[in-house]
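Heads up, the thing below is written out as structure tokens.
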Amino acid sequence: MVKALVIINCIILAIGNCGGPLIMRLYFNNGGKRIWFSTFLETAGFPVIFIPLLFSYITRRRSNNVGDSTSFFLIKPRLLIAAVIVGILSGFDNYLYAYGIAYLPVSTAALIIASQLAFIAIFSFFMVKHKFTPFTINAVVLLTVGAAVLGMHTETDKPVHETHKQYITGFLITVAAAVMYAFILPLVELAYQKAKQTMSYTLVLEFQLILCLLASIVSVIGMFIAGDFKALPKEAREFKLGEALFYVVAVFSAIIWQGFFLGAIGLIFSTSSLVSGIMISVLLPITEVLAVIFYHEKFQAEKGLSLALSLWGFVSYFYGEIKSGEDKRRIQQEESQETEQSSLSRPISEC
């Protein structure tokens, strides 16, 4: 069951992680200028979470005895408060990321976000006491080096219509977004550990629902202050792809981004925050390739090398996990054999 959850969450995360930045950049490339609106779209798809929650509720209700009450939500106040806090932080982090995408090519933004893995490793070590293995360290180093290699000659990717100041500002703000999200992932894992209730995937979905609701509220407040509600009808009419496609892009953006967040927190539940971070980093070079295909961004040799290093890091990490699992099973078998031998030898010694 755990392996199935890991695979499902990896697929969902891959769709969101690769598709989210591309469709967000599509909005900005075709006349979109509202950063808070783009921020809102990152979490606005949260109502789709009610669908699996409804199935979970129906299943629990059928399994209960007749007359027993079944609550739709399982989350308790302690985990609820944690979800609210993480949701507010995510709202501001999403704004930082949207600001960066507004002024940077997808390839450059992907490179910066890849650097968050090093920060995730540090925060995970201090916040959730995540132990490092040689394979984990090797994966972190390879993925970080891959991100650094990807950074070579990024200045040539600067959009023509943007100033150097806008480019640098977008670069620095995206770095801040990477660091902040690197803090959020272990914070979610810590919330799971301190929940004082048995974590299930239903609880993970409820946590995600509240997180996205609060992040969306932060975005709506930002949209109101920035005047986005007044500006959006005009922006839709002037959208280069047409008014109808403006709303299509908005809807698909909300749905695809929801996949990213669901996959990320689902991996934290079934594995750890570090694994979630490694998976995000592995997918970034794939986003690079898609950006080259759809937006005709340059694919220098550095990007090819970065892709190879990232895949190497991915393989290194999972090989280490497989080896670690085999070692644990071997130790458990040896301990069980020793226990059996000691129990058999005890009557002889007593005689």
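For all residues, glycine too, the Cβ spot is worked out from N, Cα and C.
Annotated transmembrane segment per Swiss-Prot: 4-24 (among others), in sequence order, evidence recorded as sequence analysis.
The transmembrane segment annotation in Swiss-Prot covers 35-55 (among others). Counting only same-chain residues 6+ beyond the ends of the transmembrane segment (35-55), those with a CB under 8 A from a CB of the stretch are 20, 24, 27-28, 72, 90-91, 94-95, 97-99, 101-102, 202, 205-206, 208-209, 211-213, 215-216, 219-220, 222-223, 225-226, 228, 232, 250, 253-258, 261-262.
Mean pLDDT, taken over the domain 'EamA' (45-152), works out to 84 on the 0 to 100 scale. What Swiss-Prot lists as domain 'EamA' is 45-152.
The transmembrane segment feature in Swiss-Prot is assigned to 72-92 (among others); the stated evidence is sequence analysis.
Taken from Swiss-Prot, the feature transmembrane segment applies to 108-128 (among others). Non-local neighbours of the transmembrane segment (108-128) in the same chain are 21, 97, 100-101, 136, 140, 143-144, 146-148, 150-151, 154, 157, 171, 174-175, 177-179, 181-183, 185-187, 189-190, 193, 272-274, 277-278, 280-281, 284-285, 287-288, 291, 306, 310; each lies 6+ residues outside the stretch with a CB under 8 Å from one of its CB atoms.
As annotated by Swiss-Prot, transmembrane segment applies to 132-152 (among others).
The transmembrane segment annotation in Swiss-Prot covers 168-188 (among others). With a threshold of 8 Å between CB atoms, the same-chain residues lying at least 6 positions outside the transmembrane segment (168-188) that come near it are 86, 89-90, 92-93, 96-97, 99-104, 108-109, 112-113, 115-120, 122-124, 127-128, 130, 207, 264-265, 268, 273, 276-277.
Within the chain, the transmembrane segment (207-227) has long-range Cβ neighbours (under 8 A, six or more residues past its boundaries) at 34-37, 39-40, 42-46, 49-50, 53, 75, 79-80, 82-84, 86-88, 90-92, 94-95, 188, 191, 258, 261-262, 265. The transmembrane segment annotation in Swiss-Prot covers 207-227 (among others) and rests on sequence analysis.
Here the transmembrane segment (249-269) has Cβ contacts under 8 Å with residues 5-6, 8-17, 19-20, 23-24, 26-27, 38, 41-46, 48-49, 90, 185, 188-189, 192, 199, 201, 204-205, 207-208, 211-212, 241, 275-276, 279-280 of the same chain, all six or more residues outside its ends. Among the features that Swiss-Prot reports, transmembrane segment is placed at 249-269 (among others).
When Cβ-Cβ distances below 8 Å are used as the criterion, the transmembrane segment (274-294) is approached by residues 10, 13-14, 17-18, 21-22, 25, 105-107, 110-111, 113-114, 116-117, 120-121, 124, 130, 136, 139-140, 143, 146-147, 150, 182, 185, 263-265, 267-268, 303, 306-307, 310-311, 313-314, 317 of the same chain, each at least six residues removed from its ends. What Swiss-Prot lists as transmembrane segment is 274-294 (among others).
Residues annotated as transmembrane segment in Swiss-Prot, with sequence analysis given as evidence: 304-324 (among others).
Residues or ranges marked as region 'Disordered' by Swiss-Prot: 329-351.
When the domain 'EamA' (45-152) is classified with DSSP, helix, strand and coil residues number 83 helix, 0 strand, 25 coil. Below 8 angstroms of C-beta separation, residues 38, 41-42, 98, 101, 106, 109-110, 201, 249, 252-253, 256-264, 266-267, 269-271, 276, 279-280, 283-284, 286-287, 290-291, 294-295 of the same chain, each at least six residues beyond the ends of the transmembrane segment (4-24), sit close to that stretch.
For the transmembrane segment (72-92), the list of distant contacts is 39, 43, 53, 57, 180, 183-184, 187-188, 191, 194-197, 200, 202-203, 206-207, 210-219, 222, 261: same-chain residues at least six beyond its ends, Cβ to Cβ under 8 Å. Panel annotation: around the transmembrane segment (132-152), residues 107, 110-112, 114-115, 117-118, 121, 125, 274, 278, 281-282, 284-285, 288, 300, 302-303, 305-310, 312-314, 316-317, 319-321, 323-324 of the same chain, lying at least six beyond its termini, place a Cβ under 8 Å from a Cβ of the stretch.
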